[in-house]
Amino acid sequence: MTPVTTFPLVDAILAGRDRNLDGVILIAAQHLLQTTHAMLRSLFRVGLDPRNVAVIGKCYSTHPGVVDAMRADGIYVDDCSDAYAPHESFDTQYTRHVERFFAESWARLTAGRTARVVLLDDGGSLLAVAGAMLDASADVIGIEQTSAGYAKIVGCALGFPVINIARSSAKLLYESPIIAARVTQTAFERTAGIDSSAAILITGAGAIGTALADVLRPLHDRVDVYDTRSGCMTPIDLPNAIGGYDVIIGATGATSVPASMHELLRPGVLLMSASSSDREFDAVALRRRTTPNPDCHADLRVADGSVDATLLNSGFPVNFDGSPMCGDASMALTMALLAAAVLYASVAVADEMSSDHPHLGLIDQGDIVASFLNIDVPLQALSRLPLLSIDGYRRLQVRSGYTLFRQGERADHFFVIESGELEALVDGKVILRLGAGDHFGEACLLGGMRRIATVRACEPSVLWELDGKAFGDALHGDAAMREIAYGVARTRLMHAGASESLMV
């Protein structure tokens, strides 16, 4: 069996909350790796009974040694956790397995008893299945940890509330750069090396795609980012442009390069997924052009006369490479957010929750982030401005069309977006769109300038406002934090067309 790692952060977060999970049922769809097992063991120490836990994994992120260790603890692990049929799409296979797993687990764990059931999901499939099968009387709270999963369920009438870890500020601000670094490191370790002259396309300008671009641009002559959302960046006519790239990295969580574009790809192109499942490149269509390979981590060479491409990791995310541990100690942040969400879900009153998909409270997030910085990861390892744990935030709810500040005004606050969408305009032209987890306002505070852009809400939004003096005090005592802040500010100034010399 594989040894189980430990995360001091998760234990510290749980120890600081006076709650007990005795009698709670946990049904989960998760990566069956050391990270998840470590979190579950921490939950066992606050009363969760392993016999009340049922989990199902995904073929590309299930390690057999971890499965054995989980079963030795008394956890029920579904036999189809590592099932893989290469000529069938993963989502089709997985949904079928999850439907059976949930029906069997619900019947077995809830028969003859009244108990709170927490559904912990990665990808939205478990929550969607539960919503279709259960009636309104079920005592259920859901948790979703991925943006793709949140998108899958956000329009569904599930009949129970879902805690939205996926779009929490802490996850977006801190985890995305860490995952981007891991994806990049893993991808390039598994190739012979990519020349600096290679043209790279990243599909998806979300948190992961943007962080990947930041990592790759200093190393390569051409790194383009494609996103179909309005206002994200310079449009790319993908069908006409796709043949010009040597490497394509998918980070949309959806199908960014469908089968209809496969024969337009440049010969020898390298395809790597940085999202979830195998949907980024319609990978099943590429796998059907090859002899079936039962190893979902195989790098597949597709060369059938019409398509010449290498599909890394059979189209699955390259940061899952078959190892028992995905990432390093920095994964403690994600595990702590999930553990805190399980504790919250165990006692939350559904009728009193503010919305069907509430965010984990910013106070909880700040507590977790502060502990994360102190216990597990040096500040220098983070490439986003770490300010969620500072006291002094004021929560703002703004209507669509509301202007936070105007270009040329005096700068006196820093902002973090909890939910909604805002846009930044320079001379009346939209230059940037901002969503949950984004922060803004630091550039002018650091440079002692007036506002270089106007920022207004595109839809009803919730923000957290920090006074400029508190912002300055936080940076004054921490040289590493100050350096990160200046780096972010320089990027913002250049995006707005201002001179970097204004920072001096």
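Note that Cβ sites are derived from N, Cα and C of the backbone, with glycine treated the same way.
Taken from Swiss-Prot, the feature nucleoside 3',5'-cyclic phosphate binding site applies to 372-492, supported by sequence analysis. Counting every protein chain shown, the Cβ of ALA436 (nucleoside 3',5'-cyclic phosphate binding site) has 22 other Cβ atoms within 10 Å.
Annotation source Swiss-Prot lists transmembrane segment at 146-166 (among others). Remote same-chain residues near the transmembrane segment (146-166) are listed as 121-125, 127-128, 130-131, 134-136, 138, 140, 206-207, 253-254, 275-277, 337-338, 341, 344-345, 348, 350, 353, 355-360 (criterion: CB distance under 8 Å, separation of at least six residues from the stretch ends).
Positions annotated as transmembrane segment by Swiss-Prot, on the basis of sequence analysis: 196-216 (among others).
Per Swiss-Prot, the feature transmembrane segment maps to 330-350 (among others); the stated evidence is sequence analysis.
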Across every protein chain in view, the count of C-beta atoms other than its own within 10 A of the C-beta of LEU404 (nucleoside 3',5'-cyclic phosphate binding site) is 21
Within its own chain, what residues at least 6 apart in sequence put their Cβ under 8 Å from the Cβ of GLY468 (nucleoside 3',5'-cyclic phosphate binding site), listed in sequence order?
ALA411, ASP412, HIS413, PHE414, LEU445
Are there residues of the same chain, six or more positions away from GLY420 (nucleoside 3',5'-cyclic phosphate binding site), whose CB falls under 8 angstroms from its CB, and which are they?
VAL398, GLY435, ALA436, ALA457, CYS458, GLU459, PRO460, SER461, VAL462, LEU463
DSSP three-state assignment for LEU404 (nucleoside 3',5'-cyclic phosphate binding site):
strand
